[in-house]
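The active site, proton donor annotation in TrEMBL covers B:Lys205. Taken from TrEMBL, the feature NADP(+) binding site covers B:Leu9, B:Gly10, B:Leu11, B:Gly12, B:Thr13, B:Val14, B:Gly15, B:Ala16. The annotation NADPH binding site is assigned in TrEMBL to B:Lys105. Summarising the annotation, TrEMBL assigns L-homoserine binding site to B:Glu190. Among the features that TrEMBL reports, domain 'ACT' is placed at B:355-431.
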Number of protein chains: 2
Amino acid sequence: MQPVNVGLLGLGTVGAGAVNLLERNGVEIARRAGREIRVVRAAVRNPDKTRECATSGIEIGTDCNAVVTDPNIDVVIELIGGDTQAYDLVMAAIANGKHVVTANKHLIALHGNEIFAAADEAGVVVSFEAAVAGGIPIIKAMRESLAANHIEWVAGIINGTGNFILSQMIFEDQSFEDALADAQRLGFAEADPTFDVEGIDAAHKLAIIGAIAFGIPLSFDKIFTQGIRDIDSVDIEYCAELGYRIKHLGIARRGDNGVEMRVHPTLVSQKALLANVEGEKNAIMVYGDAVGPTVYYGAGAGAGPTASSVVADLIDTVRIMSIDPKGRVPHLAFQPDEITDEPIVGSDDFVCGHYFRVQVADQIGVMAEITRALADQQIGIEAILQKDPPTEEDDARVMIVTKAAREGQLMKVLDHIRSLPYAREGIVHMRVAQFED
Amino acid sequence: MQPVNVGLLGLGTVGAGAVNLLERNGVEIARRAGREIRVVRAAVRNPDKTRECATSGIEIGTDCNAVVTDPNIDVVIELIGGDTQAYDLVMAAIANGKHVVTANKHLIALHGNEIFAAADEAGVVVSFEAAVAGGIPIIKAMRESLAANHIEWVAGIINGTGNFILSQMIFEDQSFEDALADAQRLGFAEADPTFDVEGIDAAHKLAIIGAIAFGIPLSFDKIFTQGIRDIDSVDIEYCAELGYRIKHLGIARRGDNGVEMRVHPTLVSQKALLANVEGEKNAIMVYGDAVGPTVYYGAGAGAGPTASSVVADLIDTVRIMSIDPKGRVPHLAFQPDEITDEPIVGSDDFVCGHYFRVQVADQIGVMAEITRALADQQIGIEAILQKDPPTEEDDARVMIVTKAAREGQLMKVLDHIRSLPYAREGIVHMRVAQFED
């Protein structure tokens, strides 16, 4: 059969990684795919820049449109990132009958619904395994391997930068700022770390995970998102005493009133597998009604792991385009006309355990009042820790972990505590993950 | 589109699990697969037996041949186990143009090469995700998601019974016999546990893993296989002091002289993810040159998890049969004419760390002689532990963990030690896993 011709939009770290991989393992990949795959063209911003890959045989220019309209190209790989130019180019590629592979979580989370509709209309395949958790095949696992399951929840460490920072804070006693600086020095964090530390990158990925898990449209703007910037090392310490580690998780969960979609710092039992995923690694736990819990672990970023997923998508595309692209696995797991818009609940309806830290004047009856407030809202207590604060000798710090409770109820308790005369300002609140390995 | 009609061979625990799953999640499964899937016929040994699933709409008889030749049936699910009758029936189903899904590792490990050749010839699909690690999608991960990688090694806990027994021995201080009895009482082990405790079941699975990882034919009879029956609790204790846990692993690894395929008790660093997989759970680590290490964790057996994989295979089959079965992913990952028969090495050529325990008379110069023997074979030492044995006061027990070494070299050392006048009989030897998370 004729080789498959690939055009690249962008030839930075991941693009060069893909070219290197297709070169290094080209024979082995053709042994699997049944066809040779070759990169014939690439559009880049600066054609004079030195590339991290061999470029012989690749026509390099600056015109992205020339790539997406090139009649000789079968598959376009989009690696320029962002959601504006990338969107226009992907839509143009689709309109020109090209299959598309992308690692762009931002693009898919925000515009996937339109992109997939256009691809279905045009009879082409858009693949995006690398958009979530880099080299970990979580899209395929949920979309195909767990297709027999009613998926009940997914919880994952899906931002390597954030996980690296938390690991440094926990094990190296670093402050958030120092850990972030280290992450930037080691290349795990961008110069502008906003998307990583504010949880936006994780929310992009969670939007994709939630859609595939539950058969709902991509709903990035409905995701509750909290970053890691405000995590205080004192809570890391108290949580450790209580048997937990703080992880930044993306959680998609079916609740009684709708789907919970949330990204936030989370207390995870030290014994749980997810608690022990360190550094820049990613891991996702998926709970299906038939299979129970399954976990997928690996590198969530980097040239090699991301290229691994990009080229796997390319091989899948080559296989299906060689027979009938209409036989592709549905982009969002469910057939397009079977995607239903289930309600996504607000934070008051989240159901989980809660951790809170409150500082109070150390008086008789304070603990009685706090625990009474919890009881009044029918909230059970999992653990209590009381400590002296480092200064203010007449104060006490109280840390409580509750059993699973509706967050709206817990907020009433915290409001009540805030109103008490002996409560100091600034209650810290975090959620607790409840899942068995 | 017309519903897909499925015929079952066997309606025991897993068969009933699949029927229940298709019933419970039937609407959701059709939303994903694009077609309704229904079980219309089943062949069982005893039609009067009570089933663990609803059977209305299923024609139940005793004639397996009637199922595999039924012109109304599109896909046959083989769940009778073993390698004789199952082989004849699967070959007959293929000859009759049926697609086949099976959970039978024994069958695939021993007869997969012929079965896949017949399926390729007939243009039908044979799927077997459930044959390895139950509900964990390891076949699909290696065959599709990691298809861009040169896979360097795979190491896994792929027998839940054995892992349960080892966990009991480690954490509950049980003897092997007591732990096995517990496993049988809890339904994790068969009445005849030979396949599990002797490593044969794990070797069946490793044959499949190795073929898919390396593009070689299924080679069950070349796998080096050691069970867990001879593990002494004293070694569990000493290994723990040295920082290791003993796990029963299946390892497929590219070495300099060929492929290593081995199933044996293995020392794993306590910090490694695989060391912390407990009870009847399975986990597989795959190392690809691009992606690095990835891990897949979940339930390796049981009605629900196994049915999860069986029905996932069924959905994949339904998707591809609806367009062109010839577009299926190759059964063993590589195109049939691209499978090459690489040499599989004997144990002398295994390269790994080694643990050995030897009992010696407690004399001056003994340790010097043992360590000299290692040095003469160019084997480095990772750790040494010396203990008094519980009895024989004038003896000492020496436990050594070596750095990676060719096993043939290590055997020369052990032979030399055996020949020394002060060495007692019975050197214990185990291999050490070397992999980063």
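The backbone N, Cα and C atoms fix where each Cβ goes, glycine too.
Quick caveat, the model's predicted, so the values are computed rather than measured.
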Most Cβ neighbours within 10 Å, among the binding-site residues B:Gly10, B:Gly12, B:Gly15, goes to B:Gly15
Measuring Cα to Cα, how far is B:Leu11 (NADP(+) binding site) from B:Lys105 (NADPH binding site) in Å?
18
If you count Cβ atoms within 10 Å of the Cβ of B:Lys205 (active site, proton donor), leaving out that atom itself, what do you get?
26
Which residues, sitting 6 or more apart from B:Val14 (NADP(+) binding site) on the same chain, put a CB under 8 Å from its CB?
B:Leu79, B:Ala103, B:Ala130, B:Ala303, B:Thr306, B:Ala307, B:Val310
Looking only at the recorded positions B:Lys105, B:Glu190, B:Lys205, B:Thr13 (NADP(+) binding site) has its closest CA neighbour at B:Glu190
Reduce the DSSP letter at B:Val14 (NADP(+) binding site) to three states and note it down.
helix
When you measure from the Cβ of the residue listed as 'NADPH binding site', how many other Cβ atoms are you left with inside 10 Å?
28
Just going by other Cβ atoms within 10 Å, which of the binding-site residues B:Leu9, B:Leu11, B:Ala16 has the emptiest spot?
B:Ala16
What does the structure give for the C-alpha distance between B:Gly10 (NADP(+) binding site) and the residue listed as 'NADPH binding site'? Integer Å is fine.
16
Rounded to a whole number of Å, the separation of the Cα atoms of B:Gly15 (NADP(+) binding site) and the residue listed as 'active site, proton donor' comes to 20
Under 8 Å by Cβ from B:Glu190 (L-homoserine binding site), counting only residues of that chain that are 6 or more apart
B:Thr161, B:Gln184, B:Asp196
Reading the DSSP string in three states, the entry for B:Lys105 (NADPH binding site) is helix
Which residues, in sequence order, are found in the same chain with Cβ within 8 Å of the centroid defined by the Cβ atoms of B:Leu9, B:Gly10, B:Leu11, B:Gly12, B:Thr13, B:Val14, B:Gly15, B:Ala16 at the NADP(+) site, excluding those residues themselves?
B:Leu8, B:Gly17, B:Ala18, B:Val44, B:Leu79
